[in-house]
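Engineer: Structure incoming, see below.
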Amino acid sequence: MTTSNASLKRWVDDVARLTQPASIHWCNGSDAENTALIEAMLKSGDLIKLNQDTHPNCYLHRSHPSDVARVEHLTFVCTRNKEDAGPNNHWMDPTEAHRKIDGLFAGAMRGRTMYVIPYCMGPIDSPFARCGVEITDSPYVVVNMRLMTRMGDAALTRIEREDKYVKGLHSIGDLDPDRRFIMHFPEELTIKSVGSGYGGNALLGKKCHALRIASWQAREEGWLAEHMLLMGLQSPEGRTHYVAAAFPSACGKTNLAMLVPPASMPGWKIWTLGDDISWLHVDEQGQLRAINPESGYFGVVPGTNRKTNCNAYDMIQRDTIFTNVALTADNQPWWEGLENGTPVLDWQGKPYTPGNGPAAHPNSRFTVSAKQNPIYSTLADAPEGVPISAILFGGRRREVAPLVYEARDWAHGVLVGAGMASETTAAAVGQMGVVRRDSMAMKPFAGYNFADYWSHWLKLGSGANASKLPKIFHVNWFRQDRNGRFMWPGFGENLRVLRWITDRCEGKVPAIETPIGLLPRKQDLDISGLDMDPSTLETLLSIDAGAWRQEVDAISKYLDEYGSRVPSQLREELKGVAKRLEAANAA
Ligand SMILES: Nc1nc2c(ncn2[C@@H]2O[C@H](COP(=O)(O)OP(=O)(O)OP(=O)(O)O)[C@@H](O)[C@H]2O)c(=O)[nH]1
Ligand SMILES: O=C([O-])CC(=O)C(=O)O
Ligand SMILES: [Mn+2]
């Protein structure tokens, strides 16, 4: 197979000339193709067959031990003008970057098959969807892209018609971390990634395209590409609100999107539309709508069990690719927090010895089709997307941030998102548990200068349709007590907080004005049936004025890093918080 599109054909030819593959395979996305690739990977050892009685069609992939997470220090945004990439990105001059990375691609596919993967991010018939082509020498990437995107013939047809697509070139290279780069050229709609086979670095439709390149396109075209889950909350009365929520990597998006209502909230129904990325547009009526550009989940495995998230647990019992989990004696996948079974081999395939670190890698992942989710919403395939009632920002904060608060309005909400911070996790290489600013959970993913990004958010909310904008909230499931224990039970119980949020969207309950925003009255947040004393809820809903003054100072210094490009409106919003904190202090 090949293509009728001359520019695509030329690009594929050019790449083949550079990388020198033994053969070229155009992916059509069929079952037969997938089966053949899996067979070949079982032979080569790229995949290991899991226990097919307990886990039909499940496979394990072990990545190179140095290649288990995103590499932010090796990820670059290469714009002509350095300022356009901003202090939030590593930057390299595009000419220099191409020269450097093309050197690593030269001959990189010798002896290997080069796969050409046409894919569509978003429902194939959606005007909001965008296409791309990934060229890779990794069959693991092909089978994962097939789960994560609408991949194959239908996408190619759209690409040939539109003649506009993101070009992504990927090779696992020699997996040497010193020859590993993830480079983005937003002005050329081009991605080049070499030296890593890990999801976030290698499945180019995901972070590289649907966030870094798409956020650039979104600013030019007037929409938003965000690190957000997308879910529907149906009340017992039958009203459904759609909510988009931005939490940093490994901070609870998949789990919230697949939430199982607690026994104390009968009649509530949750629908998942997406677990990681949302593309948001204001429609002609001024309504903010969202689609999920992905068609699968690349989710964190550890911590998943029947109790924390029965939906996720059930979903990954079949037709799932596991990466870097441990194995039991009878070849079942095992991970920390599974709560049954015993690991005998760790994620590297070595005999497991307790005390020698976790059996599964903390960033071990599952890849699975979204359609396997028991609470999958078919509206995830609706070309027009769903209307958004509320946007949530949140992170891991062991202190300072209360369980939930509401922004005063859109502009204040943009400050809440811009100023948010979270503890780092195993999703990226580097130290864990360090609090860092992570505006809108996009620190690793915004493909341009954060200052311009904040301006874009403010502009989107400043039009004639401001009254239809969703409300913005901040949540924190991760407050800890003095003994380092989580104070809020989290998971299904988070619906108690979401109910308050939908109550606020419907104007059903008043809220308490505080310097940082609007907080629930204690009687409006139902904790009945929870093993929690009222003083804990008190703490979860309290604001420590001293800590918040420090927080405001820290946010102010953070904005300073972005210099004169920071929108003055954002600084005004921050001054407003500072003033209200002073007034509360004086009173
Ligand atoms: N304590 C607590 N832990 C949670 C909660 N929700 C999720 N987690 C844990 O946080 C980790 C990551 O959760 P995910 O839902 O996979 O995170 P994500 O935001 O989808 O992550 P990415 O895929 O990296 O973008 C898992 O180990 C979960 O078990 C919660 O409400 N409370
Ligand atoms: O991209 C990945 O590798 C997984 C992910 O969702 C994240 O890190 O936020
Ligand atoms: Mn993510």
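Along the chain as shown, the residues are counted starting at 1.
Note: Cβ is positioned from N, Cα and C throughout, glycine not excepted.
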Engineer: The substrate site in TrEMBL lists TYR198, GLY199, GLY200, SER249, ASN363, SER364, ARG365. Which one of ARG70, ARG496, ARG499 belongs there according to the record?
Structural biologist: ARG70
Engineer: Among ARG219, ARG396, ARG479, ARG521, which residue shares the GTP site with ALA250, CYS251, GLY252, LYS253, THR254, ASN255, ARG365, PHE491, GLY492, GLU493, ASN494 according to TrEMBL?
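Structural biologist: GTP site check in TrEMBL: besides ALA250, CYS251, GLY252, LYS253, THR254, ASN255, ARG365, PHE491, GLY492, GLU493, ASN494, the record includes ARG396 out of ARG219, ARG396, ARG479, ARG521.
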Engineer: Which residues does GLY252 (GTP binding site) neighbour through Cβ under 8 Å, counting only same-chain ones at least six apart?
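Structural biologist: Counting only residues 6 or more apart in sequence, the Cβ neighbours of GLY252 (GTP binding site) under 8 Å are GLY394, TRP477, GLY490.
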Engineer: I need the CA-to-CA distance for ASN363 (substrate binding site) versus PHE491 (GTP binding site), whole Å please.
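Structural biologist: Between the alpha carbons of ASN363 (substrate binding site) and PHE491 (GTP binding site) there are 19 Å.
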Engineer: Restricting to the record's GTP-binding residues (ALA250, CYS251, GLY252, LYS253, THR254, ASN255, ARG365, ARG396, PHE491, GLY492, GLU493, ASN494), give me the longest CA-CA distance in Å as a whole number.
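Structural biologist: Binding-site diameter by Cα atoms for GTP: 24 Å.
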Engineer: Just how spread out is the substrate site if you go by the largest Cα to Cα distance in Å among ARG70, TYR198, GLY199, GLY200, SER249, ASN363, SER364, ARG365?
Structural biologist: 15
Engineer: Provide the number of Cβ atoms within 10 Å of the Cβ of HIS227 (Mn(2+) binding site), excluding the reference atom itself.
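Structural biologist: The Cβ of HIS227 (Mn(2+) binding site) has 26 Cβ neighbours within 10 Å.
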